[in-house]
Amino acid sequence: MKRETLLPPYAESLWLRHSTLIVILEAAILLLPFLGMALFHSKGEPREAIVAVSMLQTGDWILPVSNGDVIPYKPPLLAWCIALLAKLLGGEVTEYISRMPSALALIALTVWTFRFYVDNGAQRGRAMACATILLTSFEVYRAGMACRVDMLLTFFMVGALFTLYNYWKRGMHGFPVAPVLMMSGAMLSKGPVGVLLPCAVAGLFMLVRGVYFWRVFSKLLGIAIASCVIPMIWYVGAYARGGEEFLRLALEENFGRLTGTMSYASHENPVWYNFQTVLLGMLPYTLLVLFSMLSLHRIKVWTRIHVYVQGWWRRFRALEPAECFTIVCFVVIFVFYCIPKSKRSVYLLPVYPFLAWWVAGYGWHLVKAGSRAISAFMWTICLTAITAYVAYVVVQCGWFPYSLLHGRHALEQAMMVTSLYNSGGVAQWVCVSLSTVMAAVTLLLWRGPKKLSFPATLTTIWLLYIAFGGTYQPGIINAKSDRAIAEAAAKVQPEGPIYAHVSTDMLRFFTADFYTADRVRPFELDNPESGVMLIGVEDGRKWLPEHADRYEFQLLKHFRQRSCDVRQEVLLLRFQAK
């Protein structure tokens with residue numbers, strides 16, 4: 001048997017037998033313990049979670065209204081998952097439960113990616129490295145720890161691609177239930193792109209592998225139509241509830257975003273933005289590729305480029321099917337998302353499993369070549385872990401020089417440092433210490449065989465993410481949350497609506513609304529006689545004088561920290577009609 005590790009034979013045999021379980025534990029330990037440690041600190045997460053809150057409160061699981069007047073503009077699968085988990089785990093929607101669907105989707109995606117390549121003849125060592133790289137790529141990790149639809153969509157889209165590949169391997173006979181269910185889930189996560197893109201990728205791959213066009217077209221057309229049946233039940237029900245307003249919103253979000261005909265500018269970026277986001281999203285592994293390009297082996301690489309360019313199509317078609325499939329998936333998905341004006345880093349999440357496979361193979365190639373890039377990468381990761389630990393010790397000892405903080409955001413930065421200072425529990429110290437100890441152990445191996453130092457570096461990265469998710473991130477960003485605003489408003493107004501005014505149509509106090517159980521309503525919706533309200537300072541400069549002839553306003557509290565939703569300092573007011 002070909003050796004894949006430096007473990008003793010009996011230990012390697014045990015590792016091979018239980019490698020899938022190891023991947024499951026690796027992903028679960030990295031994600032599940034830390035889902036609820038960070039408060040909601042941006043408008044995106046609470047906006048999704050509030051939909052589930054509204055479902056549980058009203059019993060409307062089709063098109064619930066939240067924030068007083070907001071209907072969801074995305075399909076409801078994420079909200080359904082959150083609401084069902086909340087019902088099973090106590091009935092309350094929390095940060096932990098809200099993020100659990102994304103985390104479970106990432107765990108399943110990581111394991112499925114590992115099994116896909118192993119089942120198609122890959123070495124388990126490379127497949128294990130691929131799983132670790134996928135799990136600890138920054139963009140993927142961030143999406144797996146967030147209450148957003150993107151990781152759920154990625155799981156279903158990539159799952160559809162894997163099952164369509166298996167359908168092709170079986171000769172495209174019979175009716176493939178698994179791809180239909182996967183694409184139905186993708187469409188219920190974010191819309192028709194969850195059906196169109198997997199079919200386009202799989203169709204092109206099948207054509208490359210010599211399947212006749214009309215057979216590919218007819219088979220995939222039937223699969224695509226079948227995949228739309230379950231989602232269309234919801235779309236019809238939502239249209240019956242929301243009418244033309246829902247139809248306009250659905251068309252704009254799905255087709256207007258693709259064609260650049262939206263009524264408002266939404267994440268419009270140039271083509272190069274996608275290249276930038278993938279490079280940043282693959283951190284820290286982008287550094288490994290960069291170091292390899294700067295190493296002494298670069299001359300051999302660049303002098304052979306012309307050899308690889310010649311006859312590329314012949315070699316591409318001669319690749320192993322799984323390798324060819326990986327390239328097609330990455331290229332088609334990446335190019336597809338370069339077309340719309342609207343571009344976001346999370347749109348490219350489906351390319352990361354395939355990119356992680358390439359990086360894993362490239363890393364093992366560098367290991368076998370004895371490249372200095374492995375050592376440079378190892379030193380960078382280990383020094384990062386040690387530096388982060390030293391910085392944490394400085395903050396915990398009260399030695400941080402607050403005088404270094406200047407500018408308009410100095411107060412917010414000081415609050416973040418103070419929040420990190422207050423997060424010095426035993427569990428937090430364990431998280432940061434593990435990564436530092438592993439970094440020290442890895443540095444001791446730098447003169448040893450690269451086949452040992454590379455896995456040790458991956459382990460250090462994994463533990464560094466545990467320190468990040470368990471200590472560094474929540475310790476810093478919890479200071480940005482609007483939960484304090486919500487608690488102050490709820491204390492003044494224990495029951496009934498809390499009113500708000502935001503001048504920008506697309507914005508609401510989403511975080512405050514979540515932490516008050518969906519009690520925040522637009523002031524203009526009811527024109528109430530009295531009550532309590534939230535308003536940004538900048539908005540209040542215009543809005544309050546306009547209503548001064550009808551209402552008397554009393555300032556209850558001025559929150560000097562900018563809201564994470566409206567990006568203004570916030571006023572808590574009591575009002576009474578004259």
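Glycine residues also receive a Cβ, built from the backbone N, Cα and C atoms like all the rest.
Over in TrEMBL, the protein carries these features:
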- 20-40: transmembrane segment (TRANSMEM)
- 74-234: domain 'Glycosyltransferase RgtA/B/C/D-like' (DOMAIN)
- 100-118: transmembrane segment (TRANSMEM)
- 151-168: transmembrane segment (TRANSMEM)
- 188-208: transmembrane segment (TRANSMEM)
- 220-240: transmembrane segment (TRANSMEM)
- 271-297: transmembrane segment (TRANSMEM)
- 318-339: transmembrane segment (TRANSMEM)
- 345-364: transmembrane segment (TRANSMEM)
- 376-395: transmembrane segment (TRANSMEM)
- 426-445: transmembrane segment (TRANSMEM)
- 452-472: transmembrane segment (TRANSMEM)
Selection from 100-118, 220-240, 271-297, 318-339, 426-445, the stretch that has most Cβ pairs under 8 A to the transmembrane segment (345-364): 271-297
Top partner of the transmembrane segment (452-472) among 20-40, 220-240, 271-297, 318-339 - counted as Cβ pairs under 8 Å: 20-40
CB contact flag for the transmembrane segment (271-297) and the transmembrane segment (20-40), at least three pairs under 8 A: no
Beyond the flanks of the transmembrane segment (20-40) by at least 6 residues, Cβ under 8 Å: 46, 49, 94-96, 99-100, 103, 106-107, 110-111, 114-115, 128, 131-132, 135-136, 141, 144-145, 147, 462, 465-466, 469-470, 473-474, 477-478, 481-483, 511, 514-515, 564
Contact ranking winner - 151-168, 188-208, 220-240, 376-395 against the transmembrane segment (426-445), Cβ under 8 Å: 376-395
Tertiary contacts of the transmembrane segment (100-118), as residues 6+ beyond its ends and Cβ separation under 8 Å: 19-20, 23-24, 26-28, 31-32, 35, 78, 81-82, 85, 124, 126-128, 130-131, 134-135, 140-141, 143-148, 150-152, 154-155, 158-159, 162, 165, 322, 353, 356-357
